[in-house]
Amino acid sequence: MSTLDNTSLKLPKENLEAEDFLPLLGTDYVELYVGNAKQAAHYYMSAWGFQPLAYAGLETGLKDRVSYVIQQGKIRLILTSPLNSGGDINKHIDAHGDGVKAIALWVDDATKSYKETTSRGAQSYFEPRKEKDANGEVVFSGIHTYGETVHVFVERSNYKGVFLPGYKAWNPHYKPTDVGLKFIDHIVGNVGWNEMNKWCEFYAKVMGFAQLVSFDDKDISTEYTALMSKVMSNGNGRIKFPINEPAEGRKKSQIEEYIDFYNGSGVQHMALATDNIIETVTALRDRGIEFLTVPSSYYEDVLDRVGEIDEDLAPLKELGILIDKDEEGYLLQIFTKPILDRPTMFIEIIQRKGAKSFGKGNFKALFEAIEREQESRGTL
Ligand code: TYF
Ligand code: FE
C-alpha cells in the first residue's frame, strides 16, 4: 500500500508507546457541497489544475444529486450538488454557502474506526455499510465533528475501481495541466467562541490525536483580528487539523467573520503541498487565483529572520510568498483570498523545507493582510 509523502512528526512519548486505536492512512477525499457542481468542477480543474476522475449523477442512476470527483497528486475532491429542492444538501448550502461537508479518512477497518470513535463519544453520522460493484467492495462509516462537518472512514483495500462504487470513470476531453499540488498538508477548522478546547479534546479523546502546537491571542493578535489556535495531529502525523477560535480584539476577529458568514463552525482552509511553490503559485496566478499580499517591507528583513534559503528572494517577493522557519528547517507559504463569495473558505499553498510548524513568524503580516481584506468588505 502506498503511503503519503508527508513527513512524520515528533509526538509526545506517551503517544508513541500507546497503541494507536485509530490508525489513519491518509486523507481519502474532501467533499464539498456546492450550488453548481458542474461549474465548480470546471473551476477547480481550469484554475487549480485538478484532473477529472469520476462522476455520479442522473446517468449513473442517482435521482437527487450529482458528484464530480477530481484529483491532483494525492488530493481528491468531490463536488456535490443537489438535483432537486429540499433535503440535506440544499439545507447545508442554504446555511453555509459552498463548503466542506466531509473530510474522509482512509483506514484499514472502517467498522473498527466507527466502534473506537463512537465508544469514546463520537456522534454517529452513519453506521458501517458496505457498497459493492464489479470492481470490488468498500466499507464506509461516518461520525460528526465541528459544526455540520463530518468524518467518513473509507476502507478500500478490496476495491479496484477508479474511485468508489456508484461512480463511473469521468474522462472528458478537457484536462488542463496540473499545477504541481501533491497532498493535503493540513485542514483547519474554525469553531465558535470558547469551543477550541472542546474540539481539541474531541480529537484527543475520541480520535487519539495529540496536540502539536498552541498559539494564543498574544502570539497572534494584531490590531484587530485575534484568534487562538491549537494544532492536533494523529499518531503517524499524516493528518493535521489545526482548530481556531475567535478571541476578543479591537475589532471583529477574522474567525468571527467566518462564523457569521458560514453560520457556524466549519473548514476555514485547506493547505495543499507542492514541491515547487514558485512554479505552482506562478501557474495559479496566471489562471486567475488571487492571493493575499504583504507590504514589500516584509522582504527587507525576512532573511535576517529565517537565514539562508535555497530560493532566490526576488520571485518569492514578486509572488508574495511568505517564509518562516523552526528548529528543523524552513517553510514557504501563501494564502488565497476567500475562494467563495462569502468570506469563508480559502486555500493555503505550502512547501516544507524541513519545517514542521505552521508559519507563526508570518502571523502578523498574514493577519494584517486579512484585515485589509476585511476592511474592504466592511466586515471589520
Ligand atoms: O494553519 C495555520 O495555522 C496557518 C496560519 O486564520 C493560519 O496557516 C492560522 C489561522 C488563520 C489563518 C492562517
Ligand atoms: Fe494553514
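The backbone N, Cα and C atoms fix where each Cβ goes, glycine too.
Because TrEMBL annotations are produced automatically, they should be read as predictions rather than curated entries.
Annotated Fe cation binding site per TrEMBL: His186, His269, Glu348, in sequence order. Taken residue by residue with DSSP, His186 (Fe cation binding site) is part of a strand. Sequence-distant contacts of His186 (Fe cation binding site), defined by Cβ-Cβ distance under 8 angstroms and a gap of at least six in the same chain, are Val231, Lys240, Phe241, Pro242, Met270, Ala271, Phe358.
The domain 'VOC' feature in TrEMBL is assigned to 26-156 (among others).
Annotation comment: TrEMBL describes 183-337 (among others) as domain 'VOC'.
Helix, strand and coil counts under DSSP for the domain 'VOC' (26-156) come to 32 helix, 64 strand, 35 coil.
The Cβ of His269 (Fe cation binding site) lies under 8 Å from the Cβ of Ile187, Val188, Phe335, Met345, Phe346, Ile347, Glu348, each of which sits 6+ residues away along the same chain. Apart from His186, His269, Glu348, the residues listed for Fe cation, the same chain places the Cβ atoms of Asp185, Ile187, Val188, Pro242, Gln268, Met270, Ala271, Leu272, Phe335, Ile347, Ile350 within 8 Å of the centroid of those Cβ atoms.
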